[in-house]
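What TrEMBL says about this one:
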type: BINDING; residues: GLN42, LEU43, ARG44, GLU45, LYS46, ASN74, SER113, LYS142; note: 4-amino-2-methyl-5-(diphosphooxymethyl)pyrimidine binding site
type: BINDING; residues: ASP75, ASP94; note: Mg(2+) binding site
type: DOMAIN; residues: 11-192; note: domain 'Thiamine phosphate synthase/TenI'
Amino acid sequence: MSILKPIDYSVYLVTQPYRFDQEEAYFAKLEAALRGGVTLVQLREKSLSTRELLQLAQKVKRMTGKYKVPLIINDRLDIALAVEADGLHVGQEDLPVTLARRFLGKDKIIGVSAETVQQAQQAAKEGADYLGVGSIFPTQSKKDATPVSLETLRLIKQSVPLPIVAIGGISLSNIDGLTDEGLAGVAVISAILSADNPEQAARDLLGTMKRINA
């Protein structure tokens with residue numbers, strides 16, 4: 001576990017796939033989301049080359065830094081190190097937390113995706129800082145995602161002393177269904193980045209999370 005000050009996971013934005021012909025729109029939406037109050041950003045890219053991803057990560061880091069919002073890199077330890085990101089998020093098939101921590105040090109955030117109590121407990125044992133649990137609802141961004149029931153979400157929350165971030169198809173229309181789950185935050189993509197007004201969408205989600213956790 002890191003020795004960082006407490007992190008606000010309330011509205012955890014995961015980026016959409018980057019397209020070179022839509023760079024201006026990509027960064028306009030990201031900045032709008034930051035203005036709206038997203039509390040953490042994860043850069044998730046599966047199709048870019050290492051050099052392309054590095055260049056994108058550098059630009060994203062400058063923008064998140066402007067708003068003093070932590071940047072997490074999905075999966076790519078090398079990119080996280082290269083841009084001095086605030087942390088790394090890994091899945092069940094990615095680097096073990098213990099190995100990632102060896103390179104990142106104690107002052108970086110490491111999150112882990114979990115779908116079961118066993119996975120959650122293992123991540124906690126290895127020193128994860130938070131868990132991303134889902135998919136809670138059906139999602140277009142990851143159609144093969146394993147559904148995680150609210151009962152499993154509750155069991156995971158009870159089984160580990162880590163902040164839990166719910167992910168998967170979450171939007172303003174269904175977030176009230178998570179009111180009683182004691183979540184640290186919700187991770188979203190389309191709820192903000194596909195909205196007509198990403199800034200207002202982020203602001204509305206943040207307001208809802210503050211109300212839920214009041």
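Glycine is treated like the rest: Cβ placed from N, Cα and C.
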Those residues of the chain, 6+ apart, with a Cβ under 8 Å from that of ASP94 (Mg(2+) binding site): ASP75
Listed in sequence order, residues with CB under 8 A of LEU43 (4-amino-2-methyl-5-(diphosphooxymethyl)pyrimidine binding site) and six or more positions away: THR15, LEU56, ALA57, VAL60, LEU71, ILE72, ILE73, ASN74, ILE79, ALA85
The one of ARG44, LYS46 whose CB sees the fewest other CB atoms within 10 Å, among these binding-site residues: LYS46
For SER113 (4-amino-2-methyl-5-(diphosphooxymethyl)pyrimidine binding site), nearby residues of its own chain (Cβ under 8 Å, 6 or more apart in sequence): HIS89, VAL90, GLY91, GLN92, LEU131, GLY132, VAL133, GLY134, ILE167
